[in-house]
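Chemist: Right, I'll just put the structure down here and ask away after.
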Amino acid sequence: MLEESESKEPAMNPFQKNESKETLFSPVSTEEVPPRLLSPPKKPTPKICGSNYPLSIAFIVVNEFCERFSYYGMKAVLTLYFLYFLHWSEDSSTSIYHAFSSLCYFTPILGAAIADSWLGKFKTIIYLSLVYVLGHVVKSLGALPIIGGQMVHTVLSLVGLSLIALGTGGIKPCVAAFGGDQFEEKHAEERTRYFSVFYLSINAGSLISTFITPMLRGDVQCFGEDCYALAFGVPGLLMVIALVVFSMGSKIYRKPPPEGNIVTQVAKCIWFAISNRFNNRSGDIPKRQHWLDWAAEKYPKQLIMDVKALTRVLFLYIPLPMFWALLDQQGSRWTLQATRMNGNLGFFVLQPDQMQVLNPLLVLIFIPLFDLVIYRLVSKCGINFSSLRKMAVGMILASLAFAVAAAVEIKIDRMTPPQPGPQKIFLQALNLADDEVKVTVLGNKNNTLLEESIKSFQKMPHYAQLHLKTKSQDFHFYLKYHNLSVYTKHSMEEKNWYSLIILEDGKNISSMMVNVEENKTTNGMTAVRFVNTLHKEVNISLGTDISLTVGEDYGVSAYTTLQSGEYPAVHCRTEDKNFSLNMGLLDPGAAYLFVIINRTSQDPQAWKMEDMPTTKLSIAWQLPQYALITAGEVMFSVTGLEFSYSQAPTSMKSVLQAAWLLTVAVGNIIVLVVAQFSGLVQWAEFILFSCLLLVVCLIFSIMGYYYVPIKPEDLQEPADKQIPYTQENMINLETKKTKL
């Protein structure tokens, strides 16, 4: 059949119809496409204050600000919510955090497909914003302690996060492009400035929300604990405002109809080329210059050229996920690191999850600094600082940031007291008698806890370590007080902290053993407990929702967590008297013991002692690593997207955006896998990521060295050369599965 056709029409290309140039430059389908109806003349769109900026972009920019506030505000407290509300481990909290982040960057493909092929951008944003709001509602309900138990909270949280991921990811590729649609082609300069304002609104929303929502979580108490429901509810309210504001501009928006999903066209073109080459792998068939040329039987030459240019850029994308694997750990591993540091800066107590505010703040500072100062100085020095070199330097800076984070982690570990291991305990003695007491541990080589006698109300400098013969053991203590010798016995179990409290009862003394629980005060909270030496029960009010009762005659309370800060007058009462206790300044992350005593005719007082050692390293030590990784982000992310867009054809911009977001998703999956299966201590994990990124940077640099940048004129081929393969090149093609 092919030979007959060739003999009858030797000069006619069977794939070359009488098409216009515009038809050749657009993706082609084998199906018939009905002609489009001419749209009626458009009304002039209202402008902002007589400028060339459409009024509609004001609604879009406000919508983006509120949506980014909603997303980053919720995400800022997410890791601590997993850790302290759902009581997951640090590895599980990190894994779920990055699984959620990854899902948020997979769903843009779905959102783009819905917008381009079915609903259009406007309806897609409206419908998926409703899903977004529903996700926030479910997530906030899952953070209410009074609703269900642990399983209910977990299910509601995961369902809410899934809906949020679908909402935020689905509208992500639509909002910015929809704003660009509001401009006429003759106002290209105004459109460029709009995207700058749009990017500014993203960082402004992130900056404000990552500062406010941790305060809503920590400074407000709900049901006697951190108010995660409020920290999730306020971002949900901002998403409602975003939806309302966006809907208000409905009548003045320009709403282009769906034009078909170019992502699908590209995928079909690539698949057809691969399958066609596989079906025609005979040695008798002439080879083609490029593997994508095997799609010429079905797709126009211009589309194939565009896909070729796209694949060259996508090849450079292969190493990029490792950079995102490091960058996105600011909200997980770095936040967990901040929980073990002292957030008291003197003038302000910084919550661990508030450190993330440094990233958007530094982005707003670094972008003009790099563009207006650093890049210009480098250019004046005669250095060719190309886009690929900027991206490689950005990788190196991120690698250095994790090396600094590892050094900070090692310093924290050195300052953190060691934990009692198997068949070991830590013990301290607290002397509440009116004179010194000497304590000796019998049956353990008669060790004294201290070389000297323990003075009355002496603050112990450290815990003593005792060894057990089994997992649980009885210890005998000899107490020497004045002329009295007292023998006492206490049972203790391995891997625990204990306080031996020496009591005075008239002229006699006795002792009791209290298990010092390892307190989870690493979220910036402070833990306190009380010993009541009075002969009456004391009720203590530590806040609007926090109160506890301490029993009479050396009653010991359980630990209670509260916000750090000054507590000069804590209200207390007994059955016949009200009084106040001065607890002084409570450092974040510390655990304190307060002994209520009354040795004078005045009101009872509180004697304060640090119950368990805590890390004194300031949270400000994280500033260098945040500065390094943000500088790396500016050089890598902003430059990389700009370079990618300049190297891809106009018709491939949406495909490139989807691929860029996919690299972020893959990066989060890398963190998830490492967190679950590495089994490394934290500083070693930071070093691992740092070294991996250096290796990837080397590979990327080699790839960039051999990359030949495409000039804009190379993306277009003259019309007289846009002729697919002629019939003589396809005489022996296998056509069973390929429709020509």
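Any Cβ shown, glycine's included, is placed from N, Cα and C.
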Chemist: Looking at 44-65, 154-175, which one does TrEMBL call transmembrane segment?
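Modeler: It is 154-175 that TrEMBL annotates as transmembrane segment.
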Chemist: Between the stretches 95-115, 154-175, 196-216, 390-408, 658-680, which wins on the count of C-beta pairs under 8 angstroms to the transmembrane segment (127-148)?
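Modeler: When the Cβ pairs under 8 Å are tallied, 154-175 comes out ahead.
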Chemist: In the same chain, who gets a Cβ under 8 Å from the transmembrane segment (95-115) while lying at least 6 residues past its ends?
Modeler: 75, 78-79, 82, 88, 121, 124, 128, 161-162, 164-166, 168-174, 258, 261, 263-264, 328, 331-332, 654, 657-658, 661-662, 664-666, 668-669, 671-672, 675-676
Chemist: Which residues of the same chain, at least 6 past either end of the transmembrane segment (686-708), have a Cβ under 8 Å from a Cβ in it?
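Modeler: Residues 312, 315-316, 319-320, 322-323, 325-326, 329, 333, 388-389, 391-392, 395-396, 398-400, 402-403, 405-406, 409, 674, 678, 680 contact the transmembrane segment (686-708) from elsewhere in the chain.
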Chemist: With pairs 6 or more apart in sequence, are the transmembrane segment (658-680) and the transmembrane segment (309-327) linked by at least 3 Cβ pairs under 8 Å?
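Modeler: Yes, the transmembrane segment (658-680) and the transmembrane segment (309-327) are in contact.
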Chemist: Where else in the chain does the transmembrane segment (196-216) make close Cβ contacts, counting only residues six or more beyond its ends and a cut-off under 8 Å?
Modeler: 60-62, 64-70, 72-74, 76-77, 176, 179, 227, 230-231, 234-235, 238, 351-354, 356-357, 359-361, 363-364
